[in-house]
Every structure is written in structure tokens, then in C-alpha cells.
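Here is the structure we will look at.
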Amino acid sequence: MSFFQEENDEYEDVSTVMVRNSHLDLMDQDILYHLALGSGSHDLRAMFGDVKFVCMGGTPKRMEQFAYRLMEEISYKIPTGTTLQDISRYSYRYSMYKVGPVLCISHGMGMPSVGILLHEIIKLMFHAKVVDPVFFRIGTSGGIGLEGGTVIISDEAVDGTLQPHLELQILGKTVKRSSVLDKKLQWELKSLAEPDDPYPTVIGKTVCTSDFYEGQGRMDGAFCDFTEEERMEYLEKLKFNGVRNIEMESLAFAALTHHAGIKAAVVCVTLLDRLKGDQIHYPKEVLDEWQQRPQKLVCRYIKKYLSKRGLILNNHCGSVNVKSPRRFKLVQQESESYD
């Protein structure tokens, strides 16, 4: 089998994305509150049925920049008189841009934020009858024994106790969901690292925490009840167990995409080596260039995919296909009311 499997470019009648909720069938329409979209108000299949890749990153600005970068990488042209639109601008929460078969979306900070987004993006893929999408999280992290600027492809997402599952409290009970990432996708990405890249690209475990400060063993927060020796013992333990970086989204990202049957990968850059300190002292222009490194790798993957397929893009940059103006107004009002 070749690097990328061949597939039918025609839209399918049924999505391969698994939405495990029979209650959705009983709803008049499914309002995706935090995206300002709805299954009854918008023609989601017309808008998103051709999506193949969903790329997520922390901030709206970063994902807007990634969308424009992607346009250059795949030579995507916007029709004269139009512009790249934030499709979810009426939600005031996340930003979403569409460049041909690629969605570029900001997921905010931490597992609760990325979890809310994933619920709605997974449902969006289902309603749009998307077949075999590939999800990427593109972000920043703290390195474990790796210098700043290193690109890390996560082979496993684990919690702070090195357990490879996401724990959720549902109806007062603890539910565990395995945080599995696609192994083949990891090595396909690794194969796209070029010999003349002025930085290393490695594969390793990623620890995901629910906190930026104490949860990551930082000593520069408002509270710290552990010693420098205890901190170093923990970080060295992570390194010994194959952990290469720490961040705050990969566990939820891996668990929810796996639960939906979606192929997914996490690609991050390190901003510092946590074994050497907690605070970042590099100039802004250096950090800006580092943050483009995981974007570059994912762009190479997408570009190679499109090149292999000879895929003809349809110049759909995110115009809103409204099939019910009344319901569209309702979706806007509902989205604006969910603070």
C-alpha cells in the first residue's frame, strides 16, 4: 500500500465518524452552540462535506495565520472579491477557517476547552457525512530533556501519573477513555522531517496536565508546596519513562478522537527544557519562528496528500450556506446566550 491509501473523492452517504448518542436522532435540530452552526439552520454537508483534515491550535490568531500559510503551501486561491472568513465568528469563543478540505480551528487552553470543541466538531463531521477525516493538534509545550525549538510528535498521551486514559466524572461516576493516537500517522509525519531542517523532530510520550503551574511541577506560580528536589525527581522520572514534553490538551484530544474512530496526531514544539527551568527567556521573534515548525510539518503532510491524490480544490473558503434564515437567527441567538 502506498503512503496514502486511495479513496473515492465523491461524498459518501454515511460518515465514518462515530457519534455515540442515539438521543441526537430525536432532536429537531442539533445546535452547535460554541461554533454558531446548526444542523437545521445550515447546509452542513454542502459547507463541510469535503473536509479531510481538521487542524486545531490554541489561539485564534495562530490558527488564522496557519490558514493563510496553508493557502500558500497548497497554492489555494480565494475567488476574486472574497476573503477568508471566520465561520464561527458569531460564537465569540472559537475561530474556524476553511481552506479547501482543511479546517483550521482554535481550541483555547486546557482540556475542558478542547473537549467542548471536539464534541461539536465530531458532531459537525457526522452531520456533514465526512469520511475518514484526520485530526491534528498543533501547539506548544515544555520539553523534558529537549531544548527549545524541538518538534515532538506524540506517540502516546498520558496524565500526570503516566496513565494513558482520560478520566471523566459522568453522573457522579468515573469513566475512563483510552487516549490512543495513530501509530502509522506518527511515522508518516516523522518521515516528512527533512535532513536540512535546523531542528530535531522526535517521537515520544506527552504528559497532559489540567494545570499550567503546580500540575506541571512549576515553582513560579502563586502556590508551590514542593521543593526543588521533589520537582527534579518528578521531571527526571518523566524522562526515564520516555516522556518528551508536557502540555494541557493532548489527553482529551487523543481520548475523544479515538472514541469517535478518528485518526489523530499531536505535533508540538518545545519552548524550553523544563529540566533547566520554568520560565521562557527567548525573544518573541524566536518563539514565533518555533511555533511555525509543527505547522510546517503538518503542512507537508497535507500537501503530500493532495499531491498524491491530484485533488482538485473547490475554492470553498468558508462561505455560510444558510438553508433556513429563521433557524440561522435562532442559532446566533442561542450561541450568544451560552456564556
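For all residues, glycine too, the Cβ spot is worked out from N, Cα and C.
Caution: TrEMBL annotation is automatic and unverified by curators.
Taken from TrEMBL as is:
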| type | residues | note |
| --- | --- | --- |
| DOMAIN | 52-303 | domain 'Nucleoside phosphorylase' |
| BINDING | Arg93, Arg137, Ile138, Gly139, Thr140 | phosphate binding site |
| BINDING | Gln216, Arg218 | substrate binding site |
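Mapped onto this structure are the features recorded in TrEMBL.
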residue : record                 : contacts (Cβ under 8 Å, 6+ apart)
Arg93   : phosphate binding site : His34, Gly108
Arg137  : phosphate binding site : Met56, Gly57, His107, Val114, Glu249, Ser250, Phe253, Ala264, Ala265, Val266, Val267, Cys268
Ile138  : phosphate binding site : Cys55, Met56, Gly57, Phe66, Val267, Cys268, Pro294, Gln295, Val298
Gly139  : phosphate binding site : Gly57, Gly58, Glu247, Glu249, Val266, Val267, Cys268, Val269, Pro294
Thr140  : phosphate binding site : Gly58, Glu247, Cys268, Val269, Thr270, Leu271, Trp290, Gln291
Gln216  : substrate binding site : Gly142, Thr209, Ile246, Arg274
Arg218  : substrate binding site : Phe212, Cys224, Asp278
Mean pLDDT for the domain 'Nucleoside phosphorylase' (52-303), rounded to an integer?
96
